């Protein structure tokens, strides 16, 4: 059994999708040890409780520095014998302490065809760009924002009559297929 921790900051829909794939047996030999969140009111907490997944709520402002925050996370991760970190809507850059402790073992999913539209509101950026395609990317995490080595991408059309909300749903659907597929191939 490979132990993974999932980090999320918001609604946690990708978190829940991964958990459901584990529970159904579609993702084999994986144990989700806990949800790590940096927001005490994040909806992902409710999703974790629904699936009886332990939750660690650690707000960076509780710590004197980013290094202290990350060292605390590393301690918790090591106590749970976590082997991989899966970012699922975690809205913080990963710093040197986590990167050093989990080198090559942190994955992220981003709602664009990287290297295009890094950072926040990637779907909105694609929607307003005039592009005719967008998609989702799973990549290894490095010290930059959405700059790690790309593992796999899936794409969808941006139709002239799509609303931003419709495009968000298309990309979310891609993510729900792509992330578990990549996790199954990579996390061993």
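Quick reminder: no glycine exception, Cβ is built from N, Cα and C everywhere.
Swiss-Prot annotates 91, 92, 93, 94, 108 as (6R)-10-formyltetrahydrofolate-binding residues; of 61, 66, 81, the candidate listed for that same site is 66. Most Cβ neighbours within 10 Å among the recorded positions 13, 91, 93, 108, 146: this distinction goes to 108.
For residue 14 (N(1)-(5-phospho-beta-D-ribosyl)glycinamide binding site), the count of additional Cβ atoms within 10 Å of its Cβ stands at 26 [all protein chains shown]. Nearest in space to residue 12 (N(1)-(5-phospho-beta-D-ribosyl)glycinamide binding site), taking C-alpha to C-alpha distance over the recorded positions 66, 92, 93, 94, 146, is 92.
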